[in-house]
Amino acid sequence: MLREPDQHGWTRQVFSEPYRSSRDLVAAKMRRCGLEVHTDPAGNIVGVLRGSSPGAPALITGSHTDTVTGGGRFDGIVGVMGALELVRQLRENDITLTRDLIVVDFLGEESNDWGLSCLGSRSLAGELTAADLERRDGQGQRLGDRYDTFGLDPSAAISARWLRNTPLHSYVELHVEQGPVLERHETQIGVVTAIAGIERVLAMFLGRPDHAGTRPMDDRRDAMVAAARAVLAVQRIGCGAPLHGVATTTRLANGMASPNVVPGEVQMRAEFRSIDTEWLSLAKQQVVTDIVDEARSEGVDVEFDWTTDNEIVHSAPQIQDLAATSAEQSGLSWKAVPSGATHDAVHLARLCPMGMIFVPSRAGRSHCPDEWTDFADIAAGVQVLSATITALDAADSVSSA
Ligand code: GLV
Ligand code: MN
Ligand code: MN
C-alpha cells in the first residue's frame, strides 16, 4: 500500500503505513542499484555508493517520499528516484566517483500534525530538540511516541550525529519547482539561488461568548469577526510584498463552536515566506499592528505566538555556477530562481555547501493531485544533477553561500 486508499490524490504522510511501504520500496531500489543501505538514527533511508578515495569528503543528494494530504506524485519523489537513476547510470557506464555518494530519502519532509517539517534532515543538522518530541498532534499524541510506534528511537533522533561527524563536500537536491516560473519562461532547468525563510504565527483571538440570538450587533466582542479581518490583513500584507514574498492564513478554528453562540475564542494560523530578511521582519511587525488595531475595534484581544520554521538559506554560488554550466553543456535552457517552498536542503546547508536544481511543474501546480512534470523534463533534471555531481566530485572544495 503506497498511498492512503480512501484519500483523494496521493497521500503518504510520515509514520503512516503507506509511508512505511514506500520506504521499503526505496530501500529495495537502492539495493538493486548497488548501494549499501541502512536506516540511520534520524529515521532516514540512506544508501552509499563507495568512491575510490576512502575518507574524501562525501557528496550527498536525495529528497523525500512523504506527501501532504491529497498531494501529488512528484514533490520529493523526483529527487530520490532521480538520485537512484544517477547511480544506475554511473554504474552502467562503469564510472567510479572519487568521493562516496550518499543518497538519502529523508524522514517526513512535509509539515505534519505536530507542525514540524523536515524531521530527518532537521535531526541530522542537530536541529530536532527534546522539546520538539514533546509536541502533541490534534489527538494529543506526542511526536516522540509516534517515532516509537513507527519503530524509531526518538532519543537517537535528537542525538543523530553521524552526518555531522562525516566529512562532507556538498549537497545537491533535484526537485520539482512547484510554482509557475519555469513554465512561464519556457525554461527547462531552475538553478536555485535561495530558499525562503518561513515565519509562522499562532494568533489567539479572545472576545466574549454571548447568545447569538439576543446579543445586539452593536454590543458584541466577536472573536470570529476579528479573526476574519486578520485573514484579510495577512492577505493585504502578502499582496504588498516585493517579488517572492507571500503570506497565507492556513487555519481558523473556533475553540467552542456552537451554532447559536457568538464566538468567544478563535485560533488562527498563518505563515509568511520570503528570501528578503528585511521584508519578513517588517511583515511580522505590520501584521501584528494591523491585527491588533482591527481586533481592538471589535473589542477583541489578541495573543501571538511566533515560530521561525526556517531561516532564509542561500545556495553556494559555485554549485549554482556548476549547475548552470551543466545545463548549458547539455543544451538546456536554465534560469536562476528562488524557492518559495522549503526543502531538506535548508537543513543540509548547516552541514555543507548546498545547491538545488528545479524542473518545471505543469501550470505551477503542486501539493495537489494535479501535480505533474513531464518525464523528458525529469530526465533533463537528472542529467544536470549527474553533471553537477560529477563536477563536484572533481572539485577540491566549495565555499558555502
Ligand atoms: C513544503 O513543501 C513547504 O514548502 O512547506
Ligand atoms: Mn518537497
Ligand atoms: Mn511539499
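Any Cβ shown, glycine's included, is placed from N, Cα and C.
Around ASP75 (Zn(2+) 1 binding site), taking its Cβ as the centre, 28 other Cβ atoms fall within 10 Å, counting all chains. Secondary structure from DSSP puts ASP75 (Zn(2+) 1 binding site) in coil. Sequence annotations record features per position, and here TrEMBL assigns Zn(2+) 1 binding site to HIS64, ASP75, HIS175.
As annotated by TrEMBL, Zn(2+) 2 binding site applies to ASP75, GLU110, HIS367. The Cβ of HIS367 (Zn(2+) 2 binding site) has 17 other Cβ atoms within 10 Å, all protein chains considered.
TrEMBL lists ARG200, ASN260, ARG273 with the feature allantoate binding site. DSSP classifies ASN260 (allantoate binding site) as coil under the three-state reduction.
Across the fold, the C-alpha of ARG273 (allantoate binding site) and the C-alpha of GLU110 (Zn(2+) 2 binding site) stand 16 Å from each other. Site extent for allantoate: among the recorded binding residues ARG200, ASN260, ARG273, the largest C-alpha separation is 37 Å.
On the backbone, the CA of HIS175 (Zn(2+) 1 binding site) and the CA of HIS367 (Zn(2+) 2 binding site) stand 13 Å apart.
Listed in sequence order, the residues of the same chain lying 6 or more apart from ASN260 (allantoate binding site) and placing their CB within less than 8 Å of its CB are HIS211, ALA212, GLY213. Closest to HIS367 (Zn(2+) 2 binding site) in space, going by CA atoms and restricting to the binding-site residues HIS64, ASP75, ARG200, is ASP75. Contact annotation for binding-site residues (ASP75, ARG200, ARG273, HIS367) versus ligand 2: ASP75, each with CB under 6 Å from a ligand atom.
Sequence-distant neighbours of GLU110 (Zn(2+) 2 binding site): residues of the same chain at least 6 apart with a C-beta under 8 Å from its C-beta are GLN13, VAL14, HIS64, ASP66, THR67, VAL68, GLY71, GLY76, SER117.
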